[in-house]
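Listed in TrEMBL for this protein:
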type: ACT_SITE; residues: B:LYS78; note: active site, charge relay system
type: ACT_SITE; residues: B:SER159; note: active site, charge relay system
type: ACT_SITE; residues: B:SER183; note: active site, acyl-ester intermediate
type: DOMAIN; residues: B:25-470; note: domain 'Amidase'
Amino acid sequence: MSLDKKAVRAIAELARIEIPDEDLDHLAGELSGILQFVEQLAEVDTTGIAPMSSVADLTLPLRKDEVTDGGQVAAVLANAPDADDGFFTVPKVVE
Amino acid sequence: MTKLTNLTIAQARDKMAKGEFTALELTEAHITAMQAKRSLGAYITETAEQAREEAKASDLRRQAGQIGALEGIPLGIKDLFCTKGVQTTAASHILEGFKPPYESTVSGKLKAAGSVMLGKLNLDEFAMGSSNMTSYYGKVVNPWKSKSDPAKLLVPGGSSGGSAAAVAARIAMGATGTDTGGSIRQPAAFCGITGIKPTYGRCSRWGIVAFASSLDQAGPMARDVRDCAIMLGSMAGHDAKDSTSAPLPVPNFEAALTGDIRGLKVGIPKEYRPDGLSDEILRVWEQGIEWLKAAGATPVEISLPHTKYALPTYYIVAPAEASSNLARYDGLRFGQRVEGKTLDDMYKKSRAAGFGSEVRRRIMIGTYVLSAGYYDAYYSKAQKVRRLIAEDFTKAFQDVDVILTPTAPSAAFGMDENTDDPVTMWLNDVFTIPTSLAGLPGLSLPAGLNADGLPLGLQLIGRPFDEETVFKVAGVMESAANFTALPEGV
């Protein structure tokens, strides 16, 4: 798979990373090179093999449904670049 | 008297028990050394004042008879572990200024064992790299110098490059590392120290900045095998806050160092001899096999047929998980923010300004392989091949007790080498990535020097949750190797 500028722009949009137009060509080359490298997996026969998402052979442990933490508004907001009156702030999202 | 900074953790522990010096004296010696070697770039944040207070508290505990397994031992913490009230950056601009309101489980356990934190160690940005050159806070210099070109700056390896350089340069007695595809083992090999990535699930991931959650694992980096065993004993254990943490008791790893490996079978994988592998690496590997034979173990040739697919599998799985994990850096809840006209605009500008080029590249690859229409062809395919790679090891371990391989395909390289093409850089991890994909414990120890006077490492791989056998065999190899070379200025 070889990616063009348009494809790179679409991926950047999905990843929410602004990329200057002058970087697109270079990135397209790099990402295409990486995809060509990983595409050698196509030669492996994986018929009937289940995907492996984790090596931990565990069933997801469940704990009691009870409150164990909370009430720490100041600690939660302490690292926010902009907080106001107990809330995170964002640019206006509703016109 | 030996310089305090040249002691191992076990030696310092025993000498403090005899009252030969205090934790404060030991800590002061390390603070002085740390400040004298700032040119290495090993620490992002030094916490000297806090370290002094912790050392004083440790001395008081000792007087009261409360002596932890790492009582008074000064350690460095990789800047990927959240430390309460101390800036934690993951070596990224996007987390500059972030002061976690909580402590990671592993660093908290080390504190509870009595250790002293000297500071936060440099790494590749978000632990993505094999050279420690992608850190926003500057490159780390390997304290070892090549004989043929002493002026050349060498990389310490990565991503735990600050940890490896600090332990090698004697500006921390030991350090935490994390390993996703080789990030403890490859820098340990490059810097002539010992490091172990334990079995996935052995150490809690809670409070460690996430890169690829199905692969990330914390482990110790130290001067020798015993020190790694001591540290891992304090770092490991079940944690209800990490659902992939294994509910298993923690063995006494130090007690595993019996020196007796008679009758053990050591697998030698025939696929770990790629074309172009240097004679130096092959020679040190052969030497390792001879050491184990002399100690009564039996080498057995094994086959891990899917080895060549481990690298491409990793470079789908790890970026996919990274692209999901790093979605949290939104300029909103923590870290750096660049204002934008809309919410999306703010996200895009904050992330563009905050991430370096390697991180950006991996997020984009991950985003692509998870996107509609490509998920099956890339991500799902890689997950299937991952199972085949893991099954290779399961089959091999029916016949052998431990596997011996080189840690990395070369010694430390120059800062100006291997930088043009990302795939070439990734080849550094060709011997460590298969173990990561299979979740197995892997230890690197220094086995010799190359012609240029630079350390070369060997890797021991064990069965799941059998770090004890890995430590036992490593202890025997360490005695045989008798690696006493030191980097410049130590």
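Positions of Cβ are set from backbone N, Cα and C atoms, glycine also.
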Where B:SER159 (active site, charge relay system) and the residue listed as 'active site, acyl-ester intermediate' are concerned, what is their Cα separation in Å, rounded?
5
Which residues does B:SER183 (active site, acyl-ester intermediate) neighbour through Cβ under 8 Å, counting only same-chain ones at least six apart?
B:LEU123, B:ASP124, B:ALA127, B:SER130, B:GLY158, B:SER159, B:SER160, B:GLY177
Can you work out the mean pLDDT of the predicted model over the domain 'Amidase' (B:25-470)?
96
Write out the long-range same-chain contacts of B:LYS78 (active site, charge relay system), meaning residues 6 or more apart in sequence whose Cβ is under 8 Å from its Cβ.
B:LYS120, B:LEU121, B:LEU123, B:SER160, B:GLY162, B:SER163, B:ALA175, B:THR176, B:GLY177, B:THR178
Would you count the other C-beta atoms found within 10 angstroms of the C-beta of B:SER159 (active site, charge relay system) for me?
35
In the three-state scheme derived from DSSP, which category covers B:SER183 (active site, acyl-ester intermediate)?
coil
